[in-house]
Amino acid sequence: MKIGILSQFPELYSTRRLVAACESRGHEAVVINTLNCYMNINSIKPSIHYQGQELTGFDAIIPRIHASVTFYGCAVVRQFEMMGVFAANDSISIARSRDKLRALQLLSRKGIGMPITGFANKPNDIPDLINMVGGAPLVIKLLEGTQGIGVVLAETKTAAESVIEAFLGLKANIMVQEYIKESNGSDIRCFVVGDKVVASMKRQGPEGDFRSNLHLGGCGEKVKITPAERKMAVAAVKAMGLVVAGVDILRSNRGPLILEVNSAPGIEGIEQTTGISVTEPIVEYIEKMVSARKSNRAVIA
């Protein structure tokens, strides 16, 4: 097969590991900078051009769309889909997961556990908003934030009101969430491919920081997840419509709670922490899906 890896960063560990996994299974891997693609949108033969040439012959793509280029990245993935190319994560699912509010609403619709979350537009909603999620301490998040950036823990009601007022005054979109104290600055990252959790690790934030993101100096360790956590991780990915995703879970007194579903999860941290390859299962899944599509086309023909 010819597999395109949509990534702005060919030198990244994640990109290099995906290339290696494709090549080790006998496939051709081509790294494509998403932002350098340009599209011919028509009703007869939609196409994508790159570096002066039309991209042809691809069986599948693995989107690694950075959050900052979600709009254009999804457009490129959508164009590949229009060309009949299988996408490991499709454009609609990526867009769903990147909209944090929409993602939580989808999880809520499916009855999947999560921290109590509030969202508001007007400053005069603040007191009731804080009470709605259980009062202080509480977590305030920018909807556009990634990797723990734009996340604030407000220890008191006064601090919470001040932070919320400041964000709303800047016309920033925020949500507030109950603080799960018993998680103690840690979460569980589950790496899901299809309907399986292929690897999982516990992430612990630096001392004094409630955020567990490895990019912020947190550390990871291999962890055995419970059947309930495994079931919830797979259900969350399915609710988004994704195939490959990282699911962040908090362990609370009322059971596991979904914090986030990431459509382009980091690979380096979980592979180096667990010693498990997460890229091989991705390529194996693509092989299975592309083969099934070809078989279906043959039957129809």
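Just so you know, glycine gets a Cβ as well, placed from its N, Cα and C.
Here the structure is a predicted model, which means the values were calculated and not measured.
According to Swiss-Prot, the feature domain 'ATP-grasp' maps to 104-287, an assignment based on sequence analysis. Per Swiss-Prot, ATP binding site is recorded for K141, E178, Y179, D187, R211, S212, N213, and the stated evidence type is sequence analysis. The Mg(2+) 1 binding site annotation in Swiss-Prot covers D248, E260. Sequence annotations record features per position, and here Swiss-Prot assigns Mn(2+) 1 binding site to D248, E260 based on sequence analysis. Taken from Swiss-Prot, the feature Mn(2+) 2 binding site covers E260, N262. Annotation comment: Swiss-Prot describes E260, N262 as Mg(2+) 2 binding site, evidence class sequence analysis.
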Local confidence of the domain 'ATP-grasp' (104-287) - pLDDT mean: 89
Proximal residue to K141 (ATP binding site) among binding-site residues D248, E260, N262 (C-alpha distance): E260
DSSP-derived class (H/G/I helix, E/B strand, else coil) of N262 (Mn(2+) 2 binding site): strand
Candidates E178, Y179, D187 (binding-site residues) - the one closest to E260 (Mg(2+) 1 binding site) by CA: D187
Tertiary neighbours of N262 (Mn(2+) 2 binding site) (same chain, Cβ under 8 Å, six or more apart): S97, A245, G246, V247, D248
